[in-house]
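Below is one structure; the comments refer to it alone.
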Amino acid sequence: MEHTYQYAWVIPLLPLPVIMSMGFGLFFIPTATKNLRRIWAFPSVLLLSIAMVFSVQLSIQQINGSSIYQYLWSWTVNNDFSLEFGYLIDPLTSIMLILITTVGILVLIYSDGYMSHDEGYLRFFVYISFFNTSMLGLVTSSNLIQIYFFWELVGMCSYLLIGFWFTRPLAASACQKAFVTNRVGDFGLLLGILGFFWITGSLEFRDLFKIANNWIPNNGINSLLTTLCAFLLFLGAVAKSAQFPLHVWLPDAMEGPTPISALIHAATMVAAGIFLLARLLPLFISLPLIMSLISLVGTITLFLGATLALAQRDIKRSLAYSTMSQLGYMMLALGIGSYQAALFHLITHAYSKALLFLGSGSIIHSMEPLVGYSPDKSQNMVLMGGLRKYIPITRSTFLWGTLSLCGIPPLACFWSKDEILSNSWLYSPFFGIIASFTAGLTAFYMFRIYLLTFDGYLRVHFQNYSSTKEGPLYSISLWGKRIPKGVNGDFVLSTTKSGVSFFSQNIPKMQGNTTNRIGCFSTSFGAKKTFAYPHETGNTMLFPLLILLLFTFFIGFIGISFDNGATDNGIAGLTILSKWLTPSINFTQESSNSSINSYEFITNAISSVSLAIFGLFIAYIFYGSAYSFFQNLDLQNSFYKESPKKAFFGKVKKKIYSWSYNRGYIDIFYTRVFTLGIRGLTELTEFFDKGVIDGITNGVGLVSFCIGEEIKYVGGGRISSYLFFFLCYVSIFLFFFLF
């Protein structure tokens, strides 16, 4: 066993050979390398698979041995200072290693099909392989300086991949936005690391945790300075994990290719912030103010993300806000000290969200032959609908992923989210109310995504792309083009003669049933494809979806916990995850009341599932194919018979839509305050520099020139006169200087 741990340092380095080989080939033999570009996917997957096998072996040893291993190399700079670097293998590391490698492998396989047509295929695989290497290095780091080094590499790779299609202005802008926003957090992280080094004289986790255990009883360190440094560390996690108020970069990051969106949201970029807080939780626990701040930021983020996802039309952007909300749940769990629940939700959410993002990529691929390759159209859920007939495999996997994120048992996210809800109610009713209400919102907006995409009719056939006067009832005016007079463009989902609000899916019946227009085709593996209607993607893209579906079904069972009386340090012995995390849980002092009995579990489960089902029902009322039936029965009017109530309900819907679609006006606020404010300050500085500073300099020169021109005639051109005036000036100067 010791022999296995000694070579764990190989795991982050395994993807590097294929990266270097591709770079060598592109530099020296570019033509041959590009012609044979598809073969590079195999070594990328193979090397990461070896890393996965190694990670699984380490995890099994962690479960059996429950030990923490750390290996260090020391580099002595001088007698007073030495730099230590190495790797740390503990339960948290082993969890993250398995998560990164499994999701990374499936994303690589998926990318081979998704990016096969792209000219930047090799560049994409270089970036994504280096992304995996950086994240693996981050989670195995043994000190803060190593974490910061790999932290920056993870950020760099994410910027490269977000702006992968850099010729598109929106992608370039999104890359810049992610960079600038994360600079704020990264600068705070660096200051926090330097502050703790100044306080403790060490960057090693073991030293920081030992000192942290003595802070409260001994009170030997300035608590204000310590709290400030801890806040700066937390600021880095806020930016990286897209927490309020530094969350604005995450939705725009969807401008990158869909596979990288799956990797960022599941196992790398946004997971890095949660990992950092989990790693440093023993440090934060000794600072109650920071713990309260973490839980408060998490609560705000989970609710804000859910509300902003309610009205998004872009399928990837909707999933991005969903990620933001779920990361808020993890942050809340860490803030209330529920270490196991936070990591459990990190695991279950990663596989479910990877399934949803890769499923959305399959949907986008199926829509592109119909609407073109513009993301405004291929990712627009308003143009979709009825896709369950054409891409049934993708539809099934997407449905299960949606139900998992909604918290429907026995799928993965049900177990972890239910644990967070239970712990939040025990910690504070305020947090419990917000978390539970947001769980209902999660079910609503996730099922909304599913219904708009797969339910009803394929609405793209009702759209007018020809820019001619003839066209069906629907037009693309909802995207700000050709908006008819008298129609509120901010609130209309689709412009029809009957007028359809955002909260509806009323599709008028066209002449001739749309099902009669469907050509003969099959969506099974190896099927003949037609471009008249959406078609299922290839096996390379479907295989990862099916594997992730298995994870979504079964990964949640590792955290099922019941208190049967046989516990070890308050941790239920029958729980695989608890046994896995026992050293970390004991170290972070998680209370034993996290274990619950069967009755409490069933009670909590009924409550959370009821909220989820209610959210699903409301979403189906607004967006399901049965909406037309309810509208014909005047069901909604029966609830609001009085016109003032109907008008009030309409105003509320419009306000909610406007808030959600405009991202809570936060981006607008940042643009006006920071972007325009900094631009105005720059213009003011430029005016001061040119008008005042340059004016004084040029004015002094001009005045000197004019005075010189005037007094040069006083001497009459005689040298004796010049000497006389010179001596007079010197005498006057000496007189004032000396007396």
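Each residue, glycine too, has its Cβ placed from N, Cα and C.
The transmembrane segment annotation in Swiss-Prot covers 39-59, 89-109, 125-145, 147-167, 219-239, 280-300, 354-374, 396-416, 425-445, 542-562, 610-630, 719-739 (among others) and is backed by sequence analysis.
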Beyond the flanks of the transmembrane segment (39-59) by 6 or more, those residues with Cβ under 8 Å of it: 4-5, 8, 10-11, 14-15, 17-18, 21-22, 89, 94-95, 97-98, 101-102, 104-105, 108-109, 111-112, 122, 125, 129, 132, 136, 580
Candidates 89-109, 147-167, 280-300; stretch with most C-beta pairs under 8 Å toward the transmembrane segment (354-374): 89-109
Long-range environment of the transmembrane segment (280-300) - Cβ separation under 8 angstroms, sequence gap at least 6: 205, 208-209, 212-213, 215-216, 223, 226-227, 230-231, 233-234, 238, 243-244, 328-337, 339, 427-428, 430-431, 434-435, 587-589
Recorded stretches the transmembrane segment (89-109) and the transmembrane segment (542-562) touching, at least 3 CB pairs under 8 Å: yes
Sequence-remote partners of the transmembrane segment (219-239) [C-beta within less than 8 Å, at least six residues beyond its ends]: 151, 181-182, 184-186, 188-189, 191-193, 195-196, 199, 211, 246, 273-274, 276-277, 280, 283-284, 287, 289-290, 293-294, 297
